[in-house]
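Shown next, in structure tokens, is the structure this report addresses.
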Amino acid sequence: MGKSLVIVESPAKAKTINKYLGKDFIVKSSVGHVRDLPTAGQTATPTGKAAAASTKKASTTDKEQQKREKERAALIKKMGVDPYHGWQANYQILPGKEKVVAELQKLAKDADSVYLATDLDREGEAIAWHLREIIGGDEKRYKRVVFNEITKNAIQQAFKQPGELNMDGVNAQQARRFMDRVVGFMVSPLLWKKVARGLSAGRVQSVAVKLLVEREREIKAFVPEEFWDINADTLTADKQDFRLLVAQKDGLAFKPVNETEALAAVAALNKAQYEVCKREDKPTTSKPSAPFITSTLQQAASTRLGYGVKKTMMLAQRLYEAGYITYMRTDSTNLSAEAVENLRGYITKHYGEAYLPSQPNVYGSKQNAQEAHEAIRPSDVTVTADDLEGMEADAHKLYALIWNQFVACQMTPAQYDSTTVSVKAAEYTLKAKGRILKFDGWTRVQRPLGKNEDQILPPVKVGDSLKLVSLDPKQHFTKPPARYTEAALVKELEKRGIGRPSTYASIISTIQDRGYVKVDQRRFFAEKMGEIVTDRLDENFDDLMNYDFTARMEEKLDQIAEGEVNWTAVLDEFFADFSRDLETAEQDESLGGMKPNHIVMTNILCPTCSRPMGIRTASTGVFLGCSGYGLPPKERCKTTINLGDEEGVINVLEEDVETAALRAKKRCPICETAMDAYLIDDKRKLHVCGNNPNCEGFIVEEGEFKVKGYEGPTVECDKCGSDMVLKNGRFGKYMGCTNDACKNTRKILKNGEVAPPKEEPVHFPELPCENSDAYFVLRDGASGLFFAASNFPKSRETRAPLVEELKRFAERLPEKYQYLTSAPAHDPDGLPAVVRFSRKEKEHYVRTETEGKPSGWMAVYQEGKWLVTDKRKNAK
């Protein structure tokens, strides 16, 4: 009898499982996904000449139709899924996974059975299905095993009762993937065309950004209002301090709205007699919270440990794969009977009978909990954070948090004696509240969060007199709505039914990566371009951007997973409505199409041509652009002025600071929204309405404004020898020459280093472009050497240079690229060698290609010579 192959996603999980299976099993990892939709278009677009030949005899209408069909075919090829023909998918092995797949195929060929032991959620089910599809062979050999925890007992039980692939779960994952793919690939080009290049849209991510944009606007529209509170410090008959808050006047809530009202109350209270009129003592209890699900773990880790969502899930994944906790992507608060029984025994032994409720505490889960297995808990309650092996310190802290929550959830309530004392002083009523802990219950294990009410009040009784010591009036201002933290945003998404446990972390990560929002001191701030894109999508894709619609779509995905509805029918219904909205959005604005990026004109004159300048918003920020930019080329003015943010950083973690910042901002003269301030120069400050470009309000303030002096690094300019200093423009930080006549710039690389000097483009008039009348110039970019049209950006045609072309014009090449002229120009079959660039190795190499794909023949330059590797199938 041969061995069985077990496939999991990660090497760490494979290592843990391998400990619990015998010598008859080989445990291997797929290292995550092995197959997915294509990462980029795989076929070249026909050249201009070929396209022209194919439509030469066609009518104008036919040409338009052929053009649309060609564009649609190219889009489908790029997306890898065809929504027009039954959602056929073109799955491909992920780059770099070829060796992993080959090894799994080889091992599976010799195995009696193949156990697919990927995670138990839809993503894990999909990975298992892809593995079965690419390995192939008799489907009867494949067995599906799922487990909620990686313990010896759980693994052995799972392998005793293997099941089959859950294709409903696979189809639910595919449906989500396909919808997200269609929205991203079909809406993003529309945003490039209508708003600005480099923008993107996502089915769920755009809705999450909308939440942040709406909160940003609530904050900007908020007008802080003044109010006062008054505390009275008194003494009891036995000289005990007793502080009370003025709560009522004539039986109604009292909250002075200005200093005059507050001081009038102080004057009256100074003359009054203070007498206790009511005392209420009652027992209260505090029950423990449910064990963690994905969202509550993320929130607690943020609040208690300061961890971001991504970090929390990464650490939880490691704890799970090491066998320390149960599966971390769940929205169920259920606990297994065995886990509860073990925990109750642990509580009795270590804390005593008083901490154990007569019956286990039961917590409700939301309806249709997707991963309805168990809450997140320790695999073994007897293992504490101090017992973990091979885990980093942050993982120890997260485990302790999970352990504490799990143990606390099955303990008795905390018991308090709560007291409220009311004191009469003239027409005013003052109050004080206190609470005394009588029995700690669950709080012995998990410290409660929130306002600390545990204070002992003096033993006063009704009729007792108090002596006034002093009155303490304090001014306050109402606060705007709180900014979302990562954890608060997850909580809001969960409340609205948007996303699922397996998607929260990716949603949070994606919205930050796209540049529509930024995180400062763990709070989200919506960027201006995020507001514009949200508005445009909201106007043209009302279903897509509707919170309830997105939540209903999540419910439909749940129904697909349960086998209640046909997955392609759900996709067809979604695509029919979506494509209708897309078709309208692509029209001209006058026909209901998406509005272009609006420019707000100002009275600031262009320093170059004296035309008015307008406030423009690009994906890189807000700037001033000359109104002459839209004129014909000969008259066009491309002058722009970067707008630097006003000096000063708001610490939003400090109480009332954001309120103070709002009060300091100017209000828009049109809509009264708080305005954003930018320094134009040391003489002018531009205040722009927070609703720009929807509102055209702006104010130019003139005066003397201090522009912070330069204190950063300098490098020598490669053009004129002057100093280059660090500058901040709308495209981010860069080095700029201090010589105004030079205007040379250099990029700052991601690692913080200054990019090497740019090589001047090398002109090749002998090499005409195929799609325009221009010729090619050789440019040096982040992806190495490439040919680009000489009339860029009018023509954006590019291609890789051939070695034989560089040899032919070797005298024009810069010295540092002369080595490329010694490369082999052809492979043994006579195919021309193309110059390519490896981002990983940061060096050029040459290879031959067949229909845009590597042939297997390549050469790299090492130690002064070219080394050839030939992996072609027919290579001799």
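Using N, Cα and C of the backbone, Cβ positions are placed for all residues, glycine too.
Keep in mind it's a predicted model, so treat the numbers as computed, not measured.
Region 'Interaction with DNA' is the annotation Swiss-Prot gives to one range among 200-205, 578-583, 860-865, and that range is 200-205. Matching 223-248, 483-508, 717-742, 769-794 against Swiss-Prot, the residues noted as zinc finger span 717-742. Less than 8 angstroms from the CB of Arg176 (site 'Interaction with DNA') sit Arg122, Thr503, Leu557, each of them six or more residues away in the same chain. Within its own chain, the zinc finger (717-742) has Cβ neighbours under 8 Å at 618, 620-623, 642-644, 710, 748, 754, 757, counting only residues six or more beyond its boundaries. Note: the Cα of Arg514 (site 'Interaction with DNA') and the Cα of Asp180 (site 'Interaction with DNA') are spaced 15 Å from each other. This prediction places the mean pLDDT of the zinc finger (668-695) at 89. Arg329 (site 'Interaction with DNA') sits 17 Å from His33 (site 'Interaction with DNA'), taking the CA atoms of both as reference points. Calculated from their C-alpha atoms, the gap between Asp180 (site 'Interaction with DNA') and His33 (site 'Interaction with DNA') amounts to 17 Å. For the recorded sites Arg177, Asp180, Trp192, Arg329, Arg514, the greatest number of Cβ atoms within 10 Å around a candidate Cβ is found at Arg329. Geometry remark: Trp192 (site 'Interaction with DNA') versus Arg177 (site 'Interaction with DNA'), CA distance 23 Å.
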